[in-house]
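Novice: The structure is given below, and queries will be raised subsequently.
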Amino acid sequence: MSKAAKKKSSKKRSGSEAAQFDQKTIQEFKEAFGIMDQNKDGIIDKSDLKDLYASMGQIAPDSQIDAMIKEASGPINFTVFLTLFGERLTGTDPEATIVGAFAMFDKKDCGKIKEDDLIKILQNKRGEPLDEDEVKAMYKGKPPIEGGEVDYKAFAHLITTGAQDELASA
């Protein structure tokens, strides 16, 4: 196969990435897509991503949002969204997925997010929000918070290693 043919075939998206997910995971992706599709038109566009960041008190530079949009070959509908994430998540573990999600809110790229941002993320009404009692239970587990900042890598490790039970019972 020529270099050009290899390059062309490697860029082709088959959609088979979606087949690797079970129904529960696909439902979770649908919920995430619904959160990101701020204007509810079935397509995630630049405006949706800007609004999503704004809803979390963040301002994302146009260059960052443009780079996210360019990862897709066209409009990002649910199928394209699932395919993009399927390619990214193949072989990843839940901890890496959670770290990646929190990293979107890491303005300084330092491995930490503001405690207030963590609470906003966890109580976001568009996903499966934690209520006040669940947030209080989380604090009983002594999450890695220092100086108003959360070490989200340590937090992700804590909740993915079975420690979420410790968070609630501590």
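Each residue, glycine too, has its Cβ placed from N, Cα and C.
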Novice: Could you tell me which of the ranges 1-22, 45-66 is annotated in Swiss-Prot as region 'Disordered'?
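Specialist: Checking Swiss-Prot against the ranges 1-22, 45-66, the region 'Disordered' one is 1-22.
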Novice: If you take the centroid of the Cβ atoms of D37, N39, D41, D48, the listed Ca(2+) site, which other residues of that chain have their Cβ within 8 Å of it?
Specialist: M36, Q38, K40, G42, I43, I44, D45, S47
Novice: If you count, for each of the binding-site residues D37, D41, D48, the other Cβ atoms lying within 10 Å of its Cβ, which residue has the minimum?
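Specialist: Relative to the other binding-site residues in D37, D41, D48, D41 has the fewest Cβ atoms within 10 Å.
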Novice: Mind checking how the domain 'EF-hand 1' (24-59) divides into helix, strand and coil residues in DSSP?
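Specialist: Its residues fall into 23 helix, 1 strand, 12 coil.
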